């Protein structure tokens, strides 16, 4: 029972930190939230099905991967060239070291610089950068939705287990 309480507390912390990690790029939000679900599963009071655990692991992995590619996709959707997409990806990578604003602005600035280097007009380069920013927002919203759902499943089962 004592181990259960420890897992409840650490699991709840993981869910909360994971949610914060969806908007604070230095933290891998969804994997931390999923760890909270796993910790709750390993208590004596909660038993998620194997299909539930595997299904959500797959969702977390897919959303984590998409989060890196959606800004690049956004750049292309808004008229960006290959140079803009590369710039967006490089900006995202470099932006990780300048958290939190670097991750938000990195893909935008990278896409704009990539487009300018490839010879596009400034207005077209800005449009590609805007597409990258929209892609960043879409990725963040995807992560937040999954984190909220994982949090719901965690706290619902925790409430049932305690009461």
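Along the chain as shown, residues are numbered 1 onward.
Cβ atoms are placed via backbone N, Cα and C, with glycine included.
Those TrEMBL annotations? Automatic predictions, nothing curated.
Feature annotation from TrEMBL assigns transmembrane segment to 5-28 (among others).
Among the features that TrEMBL reports, transmembrane segment is placed at 48-70 (among others).
Annotated transmembrane segment per TrEMBL: 90-113 (among others), in sequence order. Through the fold, the transmembrane segment (90-113) approaches residues 23-26, 68, 71-72, 75, 80, 84, 125-126, 128-133, 135-136 of its own chain, all at least 6 residues removed from its boundaries and within a Cβ separation under 8 Å.
If you look up TrEMBL, you'll see 133-155 (among others) marked as transmembrane segment.
Away from its own ends, the transmembrane segment (133-155) comes close to residues 11-12, 15-16, 18-19, 21-23, 29-30, 33-34, 36-37, 40, 48, 56, 59-60, 63, 66-68, 70-75, 77-78, 88, 103-104, 107-108 of its chain (Cβ-Cβ under 8 Å, at least six residues beyond either end). Sequence-remote contacts of a segment are chain residues at least 6 beyond its ends whose Cβ falls under 8 Å from one of its Cβ atoms, and for the transmembrane segment (5-28) they are 34-40, 42-43, 64, 95-96, 99-100, 102-104, 140, 143-144, 147-148, 150-151, 154-155, 158, 161-162.
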